[in-house]
Amino acid sequence: MTSTALTLFNSLTRKAEVFAPVHEGEARVYSCGPTVYNYPHIGNMRAYVFADMLGRLLTWKGYRLTHVINITDVGHLTDDADQGEDKMEKMAAARSQSIWDIAEHYTQAYWQDVAALNIRQPARWTIATDYIDSMIAFAERIAPQHCYELDSGLYFDVSTVADYGRLARAVTDEGEGRIEAVEGKRNAADFAIWRKTPAGETRQMEWDSPWGRGAPGWHLECSVMSGEVLGFPFDIHTGGIDHREIHHPNEIAQNQAFCGCGGESAMSLADPANSGARIWMHNNFLVERSGKMSKSSGEFLRLQLLVDKGYHPLAYRMLCLQAHYRSELEFSWDGLGAALVRLKRLLAAARNVIDAVEDGAALADVQAAVTHPRLAPLLDKFDAALSDDLNTPVALTVLEEAVALKKVDAAQMGALVAAMMSALGLPLADREALRVAPKGASITEDEIEDILARRKAARADRDFALSDALRDELAAKGVDVMDGDPLGWEWQLA
Ligand SMILES: Nc1ncnc2c1ncn2[C@@H]1O[C@H](COP(=O)(O)OP(=O)(O)OP(=O)(O)O)[C@@H](O)[C@H]1O
Ligand SMILES: [Zn+2]
């Protein structure tokens, strides 16, 4: 019986590192959450499937997990650097709606997608506007040694911390060029941690502060929420790779300033713990042939659109698991269809071996239950794949190997498969539950079943003309009859 050491790729050191928790037996994780000015697109949701898989893996390895995901309802500008308008204010103005209503609506929409993708609830959802007092206190503490005030706000001087930008890839001319030249900024990369409301303007969301009325900067929010709830240094900070370039380097600079207390500029990042988190992890993008999927570009795919077209949301989870989180993943409808078929086959096979699945099994418990000489090696292989920086594509193939085994101890087989499914966040639903009628379908499932029953009766009577006519009737309504399907599926949506 072996248990592979857990290694995770740390973007800060650019190395795979053996996970060593800050607090014995615990894992504390913070994931940058969505800015709730619009529906999440499926690219955004890849970031949360990844964060969920990481959490499940830590549970699997026996750590007590505290996972925090924030909801950004203020402060995220249309450009991640210091440029543009607040995304929330902009949407509220365009819709002539209250910003609070917008935040509420899109937070609920995001949570629906979270549930549909079987993403576990974190220990805490932190809502940025609930932490304004803490943000002001944090800014007050670092301001004397690390910040300066301009007409437009309180700015962080990046030259006051060591190794600024180490997390980002090489700073290119283009990257520097994206950072707005605010008059009076000491360094191009300096950023506002508090934005003052310009004279004569009012914002829907603004608060009093020692630097005047205004709103916190987006980078400040995540430093404050992660530090307050998890304590610096915590174990792992996650986000999409776009955050590796600006948002996370800025969070790190603030955390260095905050943890340096007296304002010493050193706090070298040679010790990753000085960054506020020991490990920084980033999922790669979901892309379309035309490029990165983006909310701000206006046109994007929502999970609901996949469902409207007849794909169960878990087909999308499967699509994500089929790729390593650090690889770019290209979305295509064919790819999604193939992921759905693979998931159906897996569920059909898994249902044969188990009836119930318990969420959140830990490896040690499964090892105690699964000792059979043909099963235990598969458990080791599965554990080794996940422990190797979350290699879900390989873990999936090991699960498929397990469900295909014949004539092994049924109880142990059941325990093994159930544990693997739960580690991957795949529920043991009946495969029928994956059937989703497309929005435009002109027929209900009951009607389909009714016609199929009549067709079966016709075939039993050797009335093939009627049987063919009934099949044509279904085809006209967008349903393919699947005679002789090896898994016993009787129909599928065309
Ligand atoms: N195409 C994508 N693939 C994977 N992750 C993504 C993609 N786009 C954004 N993310 C990640 O989704 C999470 C939520 O992003 P957020 O709500 O801040 O999006 P946004 O910046 O407002 O939208 P967008 O970048 O789409 O305009 C972040 O971790 C971000 O890095
Ligand atoms: Zn963040």
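Each Cβ is built from the backbone N, Cα and C atoms, and glycine gets one as well.
Binding of Zn(2+) is annotated in TrEMBL for Cys32, His247, Glu251; the matching candidate from Cys222, Cys259 at the same site is Cys222. The helix, strand and coil residue counts that DSSP assigns across the domain 'Cysteinyl-tRNA synthetase class Ia DALR' (381-435) are 39 helix, 1 strand, 15 coil. Checked against ligand 1, the binding-site residues Cys32, Cys222, His247 give Cys32 in sequence order as having a Cβ less than 6 Å away from one of its atoms.
Among the listed binding-site residues, namely Cys32, Cys222, the Cβ with the most fellow Cβ atoms inside 10 Å is that of Cys222. Take the CB of Glu251 (Zn(2+) binding site) and look out to 10 A: across all protein chains shown you find 29 other CB atoms.
Taken together, the residues of the domain 'Cysteinyl-tRNA synthetase class Ia DALR' (381-435) have an average pLDDT of 91. Summary of the Zn(2+) site environment: with the site residues Cys32, Cys222, His247, Glu251 set aside, the chain residues having Cβ atoms within 8 Å of the Cβ mean position are Trp218, His219, Glu221, Ser223, Ser226, His237, Gly239, His243, His248, Asn250. The DSSP breakdown of the motif ''HIGH' region' (34-44) into helical (H, G, I), extended (E, B) and coil residues amounts to 3 helix, 1 strand, 7 coil.
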